[in-house]
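Chemist: Mind having a look at this structure? Questions to follow.
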């Protein structure tokens, strides 16, 4: 700052001189502090009386002048200079009592009042610099006493002022610290200690010196911390029963010290045997009285003043005593048949010299017991435990100080040693990740303790032992591989057995015993392979030169593949007298194992023997030699090849050709455009986990060199594979097998898909075909013996149930063909063909009281047939309403004699021969099966066509009933009922009555059975009645013989009851099976018996029925409806139950029929069709 002011003043002065004015003079005045100095000023004229003027003294940095004198007036003085300044000899200023702060620039000015030119106001002035010299004085100092914690930093600062400026230095314990060193640094008068230690405590002196004098300041530094032991304890040796003292003294700040003593890390006051014999003195020493053998050991002194981490010092106390027995067991077990030891527990200091034994109170003579000897510690060793060892023993030990006495007596017992019950196998092979159980159990007396241990490096937390002492390795890991020992130990003996565990499916284990033999510019590396993990393993040798500089510790390793099966490798091309690191790596298909330990070796140099003189060559050397030193290196970027150029090059090297191969395959050219200037190349397109071999060939002009040395490299574990097309011909066999397998699988999958699609299409077509068949007209049964619809009715071929076959329905819909009196239609091959839409005949369908159907052949009259042909376009619902009923009932519901009207559409042949009355025909028996009780009343029924339709009588004409009845009249004498039953009429002679038809036979049974069954037991035969009808199954007539035989139950093998005899009523071409059931009962209790009662039951109920028969009253015709002329058969008595309900139903139907007939009578014949086909329910 001062020199800046000086430069400013000088610049002002120079600027004034540059204006052409008089150059002022600069005066320097030096004074000492406390003395006086005169600042000269000669601006006044030297002679004469000066004009009126004003004298001013200005100090640079002050706003106002420090001194102003005008004439004879009192001067104006600055307060800092009051009493210390005055004028002397003109305008000079005298300053008394100089101070350091008075130093600076002063200017003298004289203003003449008679001069009014403003340019000359400051012309009369001069500058004076006052320098005040003073001795050094401290402006800032550290405290006299400073406390600092140990390991903390501290700063001591000294600042001194003076003129000239003083120089500050520091001293510690009288030694100049200079600029400092280590933890102490001195800079610009400041002392800085980075880390205060115990030795940093002391006096630090700060000294400020200059030409005017020097000054000093001293600071005492106190370090707060744990104590420092200045007198540690020393090792000591005493005899037993003597006193001993161990010294310990420490220093610390603060000095509130507390001493503690420990024996073997236990406070001496916490040991019961020492509490009464130990003292700690004021100076920290330990006093121990009457020492004992147990007092020997390490004693530690620990002083403390409250700060953490107190110091400690230890010493060992040795106590000398005679040999003595510690604890002799009362019993000593020995193993039977094994080596045993009788121990004598002895302690002695000085050491033990010998031990004497007694057996059974007598001195033991070992020469009398072969195999007995003394152990190194005086124990008695018995080679074979037997009865000779039994007895009581005592021992007496001796050392240089003598003996403390004999031991108590111990009795020897013979015990069974541990013996293994379940021994592990010698070897175990198991896959990694699975569980392995190795049994091991032992017995003995006392029972032994079984334990497992792994030889070498053990497992932590992976091995478990179950309750049977078996070793469990769950899961099995790679670390479990090795040798395991099972040991059994008890008080008698200790036995072990071992086994080897081989863990399969892992990477190889580390190789062992790696050795390197140095060779000239090479090394021979050998090793012992580890376990291969269950797969074939291969090895590679890795080496690298040792880093010569620490800053380049990272370097690339070079690997060389080892031939398969070899356990050594010669590494060539090493630099002589250079230290190399070698390691061996094992690999298999699952990966790489750990590297072996690193071995260091220094290859040797070439021998210095003189070379043999070379003979003149007979052949010209090749003009181009091969590349040298080809090496493959694994780098983070991939596989990198290094090589040296050929030694012999003709003129210019054009390039290299890189060749490679896998294993023993042929050489392939990988790159033939490598530049001749290159000495390294990154090989692209390599495959993972493959062993490669590379070589180089150089070419120049027309010359091609021999191949270079082969460099081996494996890509196992390589993370980066340069992306390029795979090398030709180097596709691995596993990859090729996978590709071929994938293609084969794809082909098989496509073939199976095509076959499946074909099969699904065929199934779908079959389903559509079956669906069309279901949508086609329903199927009916037809006997096999009929060749066509025009077969003769008198065919001799029997029709059994096994000869029925399925045929297509000849009509589009059953409901359209169920018309009363519709003429027969020829069968049609297809429902949509015009030929298949013609009318078909439909016979009347009746239903008896038991709910079974009666079907009779009928043919519509000619005139009705013509009408039907004309009205064919009508809907089938109207034709369905045309129905016929052959039964009648009285209005009162009482059963009346049935009048059978001959409505058969088949006329009698012109020359029909009389024939016996046939038995029940096949259709009648078929309709009497329980199956037809399941048929839907309102279901569709197919038309039944006849071969030759004849002109039938009128549709509802009143025809006479057959003159001959099936049963004798009621008033006739009783005869053999079995002869008059329908089933027994086969043997009756020729009858002149009209031919027996199925309708007549069925009507007979409908009229006779209700009366008979009413008195029959409910449980007769096989009744399967239920609330809504019985569930029956279609089956042929029963072959079980009944009590007396009847037409209801034909004899076994009698198939004539189905279809036999020359004279039969026309057979039914079709029988429709109806699968849909519907409740047709009047109420919930409407039911039918599932079977007819037996013959004996019929005979029992037959006579009462005949006795109670009466004449059927004549029915009143209603609404012009024709009634039958005669009543036939017999009357039955009224029976409650189902018969009454049937009568009620019959009355309802008769009322409906009367209404229908009345309506039909009013209409023409061709228009008599029912408007409500749904009401045409067949009963």
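Quick reminder: no glycine exception, Cβ is built from N, Cα and C everywhere.
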Chemist: Checking feature assignment: region 'Disordered' per Swiss-Prot, candidates 724-765, 766-807. Which range matches?
Modeler: 766-807
Chemist: In Swiss-Prot, which of these is labelled N-linked glycosylation site: 468, 513?
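Modeler: Going through 468, 513 one by one, Swiss-Prot annotates 513 as N-linked glycosylation site.
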Chemist: Under Swiss-Prot, which of the candidate ranges 680-706, 869-895, 896-922 is annotated region 'Disordered'?
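Modeler: Comparing 680-706, 869-895, 896-922 with Swiss-Prot, region 'Disordered' matches 869-895.
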Chemist: In the domain 'Ig-like 2' (136-216), how many residues does DSSP call helix, how many strand, and how many coil?
Modeler: 3 helix, 50 strand, 28 coil
Chemist: With DSSP helix as H/G/I and strand as E/B, how many residues of the domain 'Ig-like 1' (24-124) fall in helix, strand and coil?
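Modeler: So the domain 'Ig-like 1' (24-124) is made up of 9 helix, 40 strand, 52 coil.
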Chemist: For the domain 'Ig-like 3' (226-318), what is the mean per-residue pLDDT, to the nearest integer?
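Modeler: Looking only at the domain 'Ig-like 3' (226-318), pLDDT averages out to 94.
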